[in-house]
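Now, the feature entries from TrEMBL:
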DISULFID  51-60  disulfide bond
DISULFID  64-76  disulfide bond
DISULFID  84-93  disulfide bond
DOMAIN    49-93  domain 'DSL'
């Protein structure tokens with residue numbers, strides 16, 4: 001690390017601005033525009049927060065991994081709730097529906 005720049009950037013790069021950021025962002029596919037101004041520069045960019053695969057909800061704290069085995073028979077709703085496959089019921093879809 002040379003100063004604030006990682007080595008992979010290269011020796012000719014110069015840090016012109018540094019912007020710490022703290023804000024709450026909604027999770028989803030929508031991009032949020034951000035503009036940061038300094039003495040002699042403006043940086044405009046867009047950011048978004050998306051959950052890793054199988055994580056849902058506020059803060060990506062709800063884990064739902066679809067399964068179809070002895071431990072459950074379900075898929076996950078867009079909000080991360082368990083959705084039983086046809087013919088199954090119960091909290092984790094482990095009981096046959098007759």
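Just so you know, glycine gets a Cβ as well, placed from its N, Cα and C.
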Same-chain residues at least 6 apart in sequence whose Cβ lies under 8 Å from residue 51 (disulfide bond): 27, 57, 60
Outside the domain 'DSL' (49-93), six or more residues from its ends: residues with CB under 8 Å to it: 25-29
Most Cβ neighbours inside 10 Å, all chains, among the disulfide-bonded residues 60, 64, 76, 84, 93: 93
Residues in the domain 'DSL' (49-93) grouped by DSSP into helix, strand and remaining coil: 3 helix, 18 strand, 24 coil
Rounded Cα-Cα span from residue 64 (disulfide bond) to residue 84 (disulfide bond), Å: 12
Separation of alpha carbons, residue 93 (disulfide bond) and residue 76 (disulfide bond) (Å): 12
Separation of alpha carbons, residue 64 (disulfide bond) and residue 93 (disulfide bond) (Å): 13
